Amino acid sequence: MDLFLTLLIIAIVLAVAGLLFYMQKKHVSFSIRVLLALGAGVVYGLLLQFFFAPDSSVIQQSMDWVNILGTGYVRFLQMIVMPLIFISILSAFTRMTLTKNLGKISALILGTLIATTAIAAAIGITASSVFQLEAIDIPAGEAELSHGDALEESYAGMEAATLPQQIVELIPANPFLDLTGERPTSAIGVVIFSAFLGVAYLGVRRKQPEAADTFKGIVNALYAIIMRVVTLILRLTPYGVLAIMTRTVATSDLQAISTLGTFVLASYAALIVMFVIHLIILAATGLSPITYVKKAFPVLAFAFTSRTSAGALPMNIQTQKKLGVPEGIANFAGSFGLSIGQNGCAGIYPAMLAVMIAPTVGQNPLEPTFILLLIVVIAISSFGVAGVGGGATFAAILVLSALDFPIALAGLLISIEPLIDMGRTALNVSGSMVSGIFTSKVTGSLDKEVFSDPNEQLDTQDMQG
């Protein structure tokens, strides 16, 4: 009987995937297909929750197979992320429109990312205070305590490292190692290495233009090939979203979520407030927040379901271009946003945990000097946070260890981590796109016609198949 039910569950997922494929062939909007996949995954996951326990053999076996589609899609994206960061930064330097204002553009992007992260930290502090969250209120089961102990063991060296030592760790000693994504700070390592190559290209272009032209041709060719691979992978987005959402909802522990409901509610309240601030920033520059939401929906939906900012990078860059951002700035903003100034994972989350832990070590979390110190530490620690699953935990440990706070609390939230991480990741991606749009607007390079054109969306022929 279990085998029949397992096959039935898998067959229904494949049937919905078949419907999505049929809609693709009929050139149904990419956004609509992603939204349908998201909704279908949630509804189907809830139905499975109603009929089966999350830890039942039927769910475990069927979701293992469904996971091939979901995790397989995310792995394809992760496969291309490091090459895409590398070639995107290099190609940004080879584009004249960017190199003319390189210093100003870099400063604006980084400044926007860090400033919004500081604002996000303040919102996280406020959310923890308003909802009166405290570490002692978090229930600690066997799994949570075990995970907390594992975190303390895994990051023992990081706890001992000072903030300056943690900053030094951002500098790549072996760029080829970072291209494999082995270090937690590999993304920023690749960004730094690529930037050095880009600056070197600018110098060679002045003294040896022929050599620079050869290099530019190679970079442009590689960029075209990498982006073609990206396009092929992005066509799989609706199917990946369907599988990921089905598995996430079907295997979630609803009882644990209800037990920690106040923390979940506070987290999403903070995330929503910060997203509204993103829209206010755009409105303040004379741009329509509604247009932004409509065009950004596919990439935000993917980031929400997949929980990987790095995996969303290809769609992030494409979406910025559809919002009128020059390709060079889009590459910079998207790549920098992977490892610097993540509003959700590196801003709101560490701030909330720090405020919750502070009373247990005798620190008043509402003391102005502590709040200011916390915001500064979070802003600095936001450099180098990985754009893949686990980035928020890494960011929280960086902040807590810098404040000399215990880090085990991060393990106590394991049961609701996937649910909260979805919203955090979507906010991360939104923050990087807003930094690109804001920078383009300030430098006068934003194409307002493209931004306002409803036909300029991710629903391109490339996405249709």
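The backbone N, Cα and C atoms fix where each Cβ goes, glycine too.
Keep in mind that what you see is a predicted model, and the values were worked out from it rather than measured.
Annotated transmembrane segment per Swiss-Prot: 3-23 (among others), in sequence order, evidence recorded as sequence analysis.
The feature transmembrane segment is assigned by Swiss-Prot to 34-54 (among others).
Taken from Swiss-Prot, the feature transmembrane segment applies to 73-93 (among others), supported by sequence analysis.
According to Swiss-Prot, the transmembrane segment annotation covers 105-125 (among others), on the basis of sequence analysis.
Per Swiss-Prot, transmembrane segment is recorded for 184-204 (among others). Among residues of the same chain six or more beyond the transmembrane segment (184-204), those with a C-beta under 8 A of the stretch's C-beta atoms are 81-82, 85-86, 88-90, 92-94, 99, 102, 169-172, 175, 177-178, 211-212, 215-216, 310, 335-336, 338-340, 383-387, 394.
Residues annotated as transmembrane segment in Swiss-Prot: 224-246 (among others).
What Swiss-Prot records for 263-283 (among others) is transmembrane segment.
The feature transmembrane segment is assigned by Swiss-Prot to 338-358 (among others).
The transmembrane segment annotation in Swiss-Prot covers 370-390 (among others), and the record cites sequence analysis as its basis.
According to Swiss-Prot, the transmembrane segment annotation covers 394-414 (among others).
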> Who are the long-range neighbours of the transmembrane segment (73-93) in its own chain, taking Cβ under 8 Å and residues 6 or more past its ends?
Replying inline: 99, 102, 178-181, 186-187, 190-191, 193-195, 197-199, 201-202, 219-220, 222-223, 226, 229-230, 233, 236-237, 239-240, 243-244, 306, 308, 310-314, 317, 327-329, 331-332, 334-335, 338, 387-388
>> Do any residues, 6 or more residues outside the transmembrane segment (34-54), come within under 8 Å Cβ-to-Cβ of it, and if so which ones?
In response: 9, 12-13, 16, 20, 23, 237-239, 241-254, 297-298, 301-302, 304-305
> Mind checking which residues reach the transmembrane segment (3-23)? Cβ under 8 Å, same chain, six or more beyond either end.
Replying inline: 32-33, 36-37, 40, 44, 48, 58-59, 61-62, 65-66, 69, 238-239, 242-243, 246
>> Would you say the transmembrane segment (338-358) and the transmembrane segment (105-125) are in contact under the rule of three or more C-beta pairs closer than 8 Å, pairs 6 or more apart in sequence?
In response: yes
